[in-house]
Amino acid sequence: MSVSKKPMVLVILDGYGYREEQQDNAIFSAKTPVMDALWANRPHTLIDASGLEVGLPDRQMGNSEVGHVNLGAGRIVYQDLTRLDVEIKDRVFFANPVLTGAVDKAKSAGKAVHIMGLLSAGGVHSHEDHIMAMVELAAERGAEKIYLHAFLDGRDTPPRSAESSLKKFEEKFAALGKGRVASIIGRYYAMDRDNRWDRVEKAYDLLTLAQGEFQADTAVAGLQAAYARDENDEFVKATVIRAEGQPDAAMEDGDALIFMNFRADRAREITRAFVNADFDGFARKKVVNVDFVMLTEYAADIKTAVAYPPASLVNTFGEWMAKNDKTQLRISETEKYAHVTFFFNGGVEESFKGEDRILINSPKVATYDLQPEMSSAELTEKLVAAIKSGKYDTIICNYPNGDMVGHTGVMEAAVKAVEALDHCVDEVAKAVESVGGQLLITADHGNAEQMRDPATGQAHTAHTNLPVPLIYVGDKNVKAVEGGKLSDIAPTMLSLMGMEIPQEMTGKPLFIVE
């Protein structure tokens, strides 16, 4: 029989941030004798889980997807928003071969360049600065017919905030002496993700036929008319923007169409309507053969040009374990199962050689404040059994409670969630020590430590940009290093396991064996 393994265990307490202030802090308010004792008596440090340190814009709050990608990659993984910001600033964007190729081809054929996307400073699906850069790119390369089709936000931005953005673009086109805003429509229609094709059809007709329910001379006038109809940005009905004497902006074969959203989920449906020959979501009144460019890859099965293809991550923690013939377990509840598998593996769906997975069903309740402990007892039972099984070199576990209950904004429930976690950590730490293993306890981002927004007095249901704890439990004599971040965790684990760190991992070990 094989020798019993002493596992390196990583426990991710989702949404468990560190905040000095005690007011509205569910983690401080909860009775947590176990975490308090570990923090007092074990090697520990605070690490960054937001902003530039995880590849997000400066000071932007972290999230679970980004957090787990960084945790597993062992390097800062730049998110699309940040990558584009950097490339535009460095002018690399303006030489992107896919974007320049599409513009140059349309220009030389005397065709139009259509640019569409969510005109928003929200930074969730797109950013208006990127759209502005695309307008500049088209103009710099000599395109004469530049048409902007603006999808309006009001979800990731205030409900009526599009006017300043539209003004900015109308002023830009006036300064360039060419191009114009050709249409406006709310994201409710253009960016559906639930196969509500009747909505998408209205956006498609507006774009391809230059036909809508309403028409206005300018984008701002069109928006003001929508507000007068009591439509907020998100729900603005299809509006053609065309002043007297202007040619219409209906799409023609051979035109270029650049879709400037970087997030995939709400970009897929309208893209398929343009790109798929066998599209059957609705009967297209006009099938137009445009040179369609996706800013990022919206789906692997959409066959059209991509300006920024996905960067594949080589030698993530999971892949490196497999290459070194190590066994690993990923375990969580439904809510965070994808995070400890797909995201931790750098966007790879299939498990690696030697990788087992355990999924514990999250409770079927309307909102998790009704059951703040969630399925933590069953998760802990399975995790402890795996630790003691001697089967695994490493185990990655996520407890969702701090985040999922934090999102409800209910302080009492968040306190109960944190107290439930304390019992779980106790059992896990004891199990790890009983088999001579090692344990790292951390979080992917903050949430439960800030349950009220001091500015508004309302419940704070979002993530925070605060640091998260990192604690070592084990028999090695280690010293903590300050100034760490999530991408230092994988190298830390490898170093504690006595393994080589692959060169692709640029993170540094945060616990040095003395």
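Residue numbers in this text run from 1 along the chain shown.
The backbone N, Cα and C atoms fix where each Cβ goes, glycine too.
Computed from a predicted structure; not experimentally measured.
Secondary structure from DSSP puts Ser64 (Mn(2+) 2 binding site) in a helix. Taken from Swiss-Prot, the feature Mn(2+) 2 binding site covers Asp14, Ser64, Asp444, His445, and the record attributes it to sequence analysis.
In sequence order, Asp14, Lys336, His339, Phe343, Asp403, Asp444, His445 are the residues of the chain that are 6 or more apart from Ser64 (Mn(2+) 2 binding site) and have a CB within less than 8 Å of its CB. The active site, phosphoserine intermediate annotation in Swiss-Prot covers Ser64 and is backed by sequence analysis.
According to Swiss-Prot, the substrate binding site annotation covers His125, Arg155, Asp156, Arg187, Arg193, Arg263, Ala264, Asp265, Arg266, Lys336. Reduced to three states, the DSSP call for His125 (substrate binding site) is coil.
His463 (Mn(2+) 1 binding site) carries neither a helix nor a strand DSSP state and counts as coil. Within the same chain, the residues at least 6 positions away from His463 (Mn(2+) 1 binding site) whose Cβ sits under 8 Å from its Cβ are Gly15, Ser50, Met61, Gly62, Asn63, Asp403, His445, Gly446, Asn447, listed in sequence order. Sequence annotations record features per position, and here Swiss-Prot assigns Mn(2+) 1 binding site to Asp403, His407, His463.
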8 Å Cβ shell about Asp14, Ser64, Asp444, His445 centroid, Mn(2+) 2 site members excluded: Ile12, Gly15, Ala49, Gly62, Asn63, Gly67, His68, Lys336, His339, Asn398, Asp403, Ala443, Asn447, His463
DSSP-derived structure type at Asp403 (Mn(2+) 1 binding site), helix or strand or else coil: helix
Sequence-distant neighbours of Ala264 (substrate binding site) in its chain (C-beta under 8 A, six or more apart): Thr296, Glu297, Tyr298, Ala299
Sequence-distant neighbours of His407 (Mn(2+) 1 binding site) in its chain (C-beta under 8 A, six or more apart): Gly15, Tyr368, Asn447, Thr461, Ala462
List of residues, in chain order, with Cβ under 8 A from that of Asp156 (substrate binding site) and at least 6 apart: Ser120, Gly122, Gly123, Val124, His125
Longest CA-CA distance among His125, Arg155, Asp156, Arg187, Arg193, Arg263, Ala264, Asp265, Arg266, Lys336, per record bound to substrate, angstrom: 28
Number of Cβ atoms other than its own within 10 Å, given for Asp444 (Mn(2+) 2 binding site): 34
